[in-house]
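These notes concern the structure reproduced below.
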Amino acid sequence: MSVNPVRGLLDSLSVLFYISSIFGVIPYSLWAFAKRTAIQLSLVGNVWVVGSLVVYTGLYHVATINYTKDDWGSQKTLTNAIGIFIIYMEPFMMAVDMVAGMINQKRLAQCFDRLARLDNHLAGEGVLINNGRMRRYSIVLLLLMLLFEAIITVYSFVAFEEEFNAWSLIWFITTIPTALNSVCRIWYVMLVSAIRQRFNAMNAHMNAIAHGILHYKDQCAGEPDADIAEIPLDYLEKEIFTVYTQRRKQLTVPTPPKKTNANATTKVITPWPAGADAVGYGPAQEFLPTDRRLRPHIEQRLDNKLILFCRTHDELCEIGKVVNRMYSVQMLVAMAHGFVAITAEFYFLYCSLTQQDVPILFRTAEVFLLGLAYIVYTALKCIVPIFVCWRTKTDSQRTGIELHYLANAVDEVHCYEVVNHLSLKLLNHQLNFSACGFFDLDMTTLYAITGAITSYLIILIQFNLAAIQKSNSNSTIASNVSTTAMAVVEGVVTTALTTYVSN
């Protein structure tokens, strides 16, 4: 019974789809997905997204005002400005995600359709995609989001809320924008992971064919080519030597076959190995001879599979570029928010540990575990997408390596020529994920952001220490002035009393 890979891919993201539709993250028809497991555009879904955006933003503003109350002007103007920017950056990111979801709803549906067609082509070549892994990944990420949101929101409510009543429960509304931002990041991670999974499936299949051919060559009864066996060759040297020797043999005059003795006994042909031995060759079985005494000659039988893999690689790169265009602005805003929020939280966590006053807008830093949970949660929303994009990029580049490894295992002139031609095409299939072109989403960016947070944190701490030293020096000068003034006053009073008594 054949399994439809389209339904498998959509079913793997069904939990994520239902949550996103109910909370207005994506504007698709929930009824069509429940009935046919299909993505269908919906006018009602778009209206629901717009209404949800307006309601969430209004409730978030009311909850923030209720939380800060009359403490807006109790801190310095710059601190208030930074706090307001960070706090209202969360509903702004939510708005960007939801509006981008409505703008890119057709592109997302097309991405699923293109991935479905690729799955059908790969299944025809014996490459099956395990979509259940995507389901497990999405559920794990959703559970992590729920865990962090519950810890941060409930802990903040219990620790900082002074009056527990029905109106104070509006504080839980503040968790909606951050939670929906996390859901959008999960969508992005799942799409990129699906592309990476197909790259890995192709690479693993070619690697299995190469290992099967090499395993057969090691076990077959035929004698290896004497010219190749006598000279130790590296990767490129083997290709050049094989092309030269095989073309030279084609130009030489063939020798007549030796006369066979009629009375000689006929050797029994070794049949194709059965059972566990046959399984050891994996997907390479269809390209190997049934007589184990013969050396394998692949020739043109691998061409169709290699060409299909090259086209699939190109299509996956194009899908990756579409995904990058859909989420490029969101990732830029998310990285900017992550940088500012983590830097500010670290700084005020330092202020809290040194017994300094912490602004009301950064009260979570007063509790070490709560501030640490906020930092880890914000960092994960930046690290996980960067890591997945980086691994997808490296896995796409590994396809050319697997192609040449397979050609080296086959070790035939025709296969070398086809692989060299296809590898030139793969050079033009460059996959890269970026944030609107400002920076690439890879480990170098993560290193740069970490270094920038450390540098700004050191600068802020130095300014803080300088302000403390200046305040202490001012208080010391004031104390000395007051002491001197008191001494002068006491001297004048003493002199006046002495003069009065003597008179």
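Every residue, even glycine, has its Cβ placed from backbone N, Cα and C.
As recorded in TrEMBL:
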- 15-34: transmembrane segment (TRANSMEM)
- 41-61: transmembrane segment (TRANSMEM)
- 81-100: transmembrane segment (TRANSMEM)
- 139-160: transmembrane segment (TRANSMEM)
- 166-188: transmembrane segment (TRANSMEM)
- 331-350: transmembrane segment (TRANSMEM)
- 370-390: transmembrane segment (TRANSMEM)
- 446-465: transmembrane segment (TRANSMEM)
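Contact between the transmembrane segment (41-61) and the transmembrane segment (166-188) is present: at least three CB pairs lie under 8 Å, with pairs separated by 6 or more positions in sequence. Residues 82-83, 85-86, 89-90, 92-93, 96, 181, 185, 188, 358-359, 362, 364-365, 368, 371-372, 374-375, 378-379, 381-382, 385, 435-436, 438-439, 441, 445, 449, 452-453, 456-457, 460-461, 464 of the same chain sit 6 or more residues outside the transmembrane segment (331-350) yet have a Cβ under 8 Å from a Cβ within it.
Distant neighbours of the transmembrane segment (15-34): 40-42, 44-46, 48-49, 51-53, 97-98, 101-102, 105, 108-109, 135, 138-139, 142, 176, 179-180, 183-184, 186-187, 190; these residues of the same chain sit at least 6 beyond its ends, with a Cβ under 8 Å from one of its Cβ atoms.
Non-local neighbours of the transmembrane segment (370-390) in the same chain are 141, 144, 148-149, 151-152, 155-156, 159, 181-182, 185, 188-189, 192-193, 196, 331, 334-335, 337-338, 341-342, 345-346, 348-349, 352, 364, 433, 441-443, 445-446, 449; each lies 6+ residues outside the stretch with a CB under 8 Å from one of its CB atoms.
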